[in-house]
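Novice: In case it helps, TrEMBL gives these features for our protein:
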- 1-10: compositional bias 'Polar residues' (COMPBIAS)
- 11-20: compositional bias 'Basic residues' (COMPBIAS)
- 21-31: compositional bias 'Polar residues' (COMPBIAS)
- 530-763: domain 'ABC transporter' (DOMAIN)
- 1-31: region 'Disordered' (REGION)
- 74-93: transmembrane segment (TRANSMEM)
- 234-254: transmembrane segment (TRANSMEM)
- 275-301: transmembrane segment (TRANSMEM)
- 321-340: transmembrane segment (TRANSMEM)
- 352-371: transmembrane segment (TRANSMEM)
- 383-403: transmembrane segment (TRANSMEM)
- 443-466: transmembrane segment (TRANSMEM)
Amino acid sequence: MSSHAIQHTSSKGKNRRLSKNKNMSVARNVSRSTSNTWNQFSTIRFNTGFPLYCQQFRSMLVKRVLFSWRNWKLMLLQLLVIVFFATYLLKIVDLTEELSPRKMDLSQYGRTIVPYSISGNSPMALNIIKNLETFLKFNNQELREVQGNVTNYVLESKECHNFCIVAFSIKAEQDKIIFTILFNNDAYHSAATSLAVLDNILFMSLIGPNASITVSNKPQPLPLYGSNVVPTNGIQIALCLSFSMAVVASSFCLQTMTEKISKAKHIQFVSGVYILTYWLSALLWDLICFSIPCCLLLGVFTYRKVDAFVLDYHFLDTMMIFMLYGWCVVPLMYLGSFLFSSVAVAYIKLTLFNYLSTVVSISIHTIVQHYGKDLPPFAQTMISNSLMVLPSYNFAMCISKFFDNYEIKKQCSKKFQIVYLDCRNVFTEKNVYSFEEHGIAKFLIALAIMGLFFLLLILCLEFSFWNLKIFLLNKIIPNVFQIFMRVNKVNTGRNDIMSSTVIEESEDEDVENERKKVLAVSHTLQNTPLFLKELTKIYYKCPVITAVRNISLVVKKSECFGLLGLQEVGKTATIKMLTGEEPISSGVVFIDGINITENIREIRSRIGYCPQSDPLLNYMTGRELLLMYARLWGVPEPDIYAYVEDFLYSMHLETHADNFIHTYSKGSKRRLSTAVALMGRPSVIFLDEPSTGMDPATQHLLRDTITQICKTGKAIIITSHSTEECEALCTRLAIMVKGRFMCLGSPQHLKKKFGNVYTLKAKVDVKKDENKLKDFKEFIATTFPGNIKFQRFHGIIDCFIPSNEISWGKVFHILEDAKLLFNLEDYSVSQITLEQIFLTLANIDKMETDEKT
Ligand SMILES: Nc1ncnc2c1ncn2[C@@H]1O[C@H](COP(=O)(O)OP(=O)(O)OP(=O)(O)O)[C@@H](O)[C@H]1O
């Protein structure tokens, strides 16, 4: 069956490429082929149970892999940022615990002036001055002899104030020479440098002009702080990694957010994907992705010689810490994505959250450790335990303590131990995985438990989200609103804000009959594909918007029902309620006998849905997307390629099948979204303006496809602005105005019912007499009594006159007489079309207003 379908498809595709102008004949061929195709589909045995679960898991995993693969530039950029930051920050921290020595020589200060004064006459003193001159010349310094006391010169010379670091006073007496060195107390290390200069010239005087002494200032290792003498580098390393980790972790919200915003997630659930499959496959792939930057960080540790994390198989421990952090933080990012409605905002805010939560939690931890001794023990425990809710805190603690533990053991095993270290056994022999103060066991366990908790929270939210939403939107918000209204009424004396929800208006006979039918035999009709009773949708904004008002309807198998209406009349709101995108405010909806409010998950696997905006995954090709949805529905693998090929063909998409969706035109995207909605085995298919942006040939093709699908027993609900489309497709339709059905019935019925009307268009010459227009209106109203609706534009009157008992001849006779009487320039009378019925009913408010004026 399948291979036959593919051959059939390709030959037809070739025909179409031969001539662009044969679109209509192609459409007819398609009609023949699709009717066979849809019949063949009804014989496919869809997978269920475990095979379906595996198939769905596979398709969800493939989707994630494609997202990462196709966004490789973004991923690469992220990896580079992570490696760069980690490498750079670890360099700043300088982990070689011994600080580098600083040379104590004058050239460190640039070119300086070295003033000296000499008194007395001694060959030795002269030799020393000579050596001083040689030494300073070699170091590019200026030697300057001053007369009198050098101290006075230093005090009085402005130049010396800025450029003198060292000054000499040499006093030769009978049996001794007195050297006095003055050093600039404002400059760092000037005392040591001055002595180094003196030592050098004395050494040169003793050994010879080539002798020299290099003096360096080399600090001791940094003292180690804390009650139990714990090095501080661990915390610094954790802080260095925190930014990289924040960037990586928050990137896992990207795909989830994209799918949520484009409604692709909703459509995947509508296509039957299990909640568990959706999230577990996402988590599995994201953890695999998370391991890549972690491996790179191990490389950075090796390069920066952070031995604690790599030597002696410690890279395995480090990897375990990283992966446990991933397990915990990735579900948290998924949860975070529930809060936002923009991908960029979510990414930035979650990155900030991850980074700041590390910095803040470590700061709190440090403050409590050093200054919290006055706090009662239970308060200390409570603070540190509450911080353990944060994945970033647990991760930072694991990294810090793991590093500190290794370093203490390393330092204590040296022959000469650092004086500040406490190398008692209690600190050196403790296992790093212990629950003691230096151990990381409790943080690892916290990461594992919190990860599981976040994952369960996601699943709980997904399972109970619908009920929560119903509770919030139908119980809490209306009550809060009522209270607000009462307060408002008391304060302002007004009572008009809610009044829009309780307007009682007379109803069309057919609409009323449908309601009566629904109310009378609701128990037997509930098993039909779609059953709605008194469906209402209220948006609690200011002012309150009643988007859908008490509509009742039954749609049977093989029926295509059209919702026709102008913009903002409640078509999409109705569809959103019927597909579980939004909860109903009041009323009852049954799909296949299942109550939508009580069992939304069961409902989702029985509907197909094409929303108004295309719920597509732009990084996939059309074929990949349809393959994914076919797998979600459980189409068996041997049939799946032919199945998808037939959908591509029936939607005229086979030439674009292997192009990325982001390159598709609006019309092609619409066709692909429609194909997604028609796939699988839903009982009811909802198509919200499916033909928007399609060319006429493709619209024709779509109509054929929908007609054929209807014949297989599915019910289709379609919203449209086009009467032509509804007339061609729908077995019944309703025209919606202000959230209500204005009329309901088959296109023929509506034409018959509203067709006993003539449309009269007349142009009155108002230049001669402006009152003629008004007079002519009154004349029409009295001559053709009944339901006359007027529209007026610049002297042209457009109105409907009842055709009951008035023949064409009589109408023309009356109008010929009126032509002279009312200065008619021209007029025409014709039979009303469905479009005019639609426009008349849809515009009824505007016309009523016009009529009053
Ligand atoms: N989420 C919402 N919050 C508040 N008001 C809303 C919301 N969604 C729809 N509405 C309001 O409900 C009314 C009906 O909107 P709806 O989207 O159902 O119109 P529509 O008939 O589908 O129009 P269109 O043909 O343009 O899609 C409008 O007044 C709209 O502003």
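Cβ coordinates are placed from backbone N, Cα and C, and glycine is handled just like the others.
In TrEMBL, annotation is done automatically, which means it is predicted and not curated.
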Novice: So what's the average pLDDT for the domain 'ABC transporter' (530-763)?
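Specialist: Across the residues of the domain 'ABC transporter' (530-763) the model's pLDDT averages 88 on the 0 to 100 scale.
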Novice: With a cut-off of 8 Å between Cβ atoms, can you find at least three pairs linking the transmembrane segment (443-466) to the transmembrane segment (275-301)? Only pairs 6 or more residues apart in sequence count.
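Specialist: Counting Cβ pairs under 8 Å, at least 3, so yes.
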Novice: Take the transmembrane segment (74-93) and find every residue of the same chain, 6 or more past its ends, with a Cβ under 8 Å from one of its Cβ atoms.
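Specialist: Non-local partners: 68, 233, 236-237, 239-241, 243-244, 247-248, 251, 289, 292-293, 296-297, 299-301, 303-304, 306.
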Novice: With a Cβ cut-off under 8 Å, give me the same-chain residues at least six positions beyond the ends of the transmembrane segment (321-340) that come close to it.
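Specialist: Residues packing against the transmembrane segment (321-340) from afar: 245, 249-250, 252-253, 256-257, 260, 279, 282-283, 286-287, 290-291, 294, 297, 346, 349-350, 353-354, 391-392, 394-395, 398-399, 402, 440, 444, 447-448, 450-451, 454-455, 457-458, 461.
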Novice: Residues sitting near the transmembrane segment (383-403): Cβ under 8 Å, six or more positions beyond its termini, same chain?
Specialist: 233-235, 237-239, 241-242, 245-246, 306, 308-309, 317-318, 321, 324-325, 328-329, 332, 354-355, 357-358, 361-362, 364-365, 368, 372, 375, 432, 438-440, 442-444, 446-447, 450-451
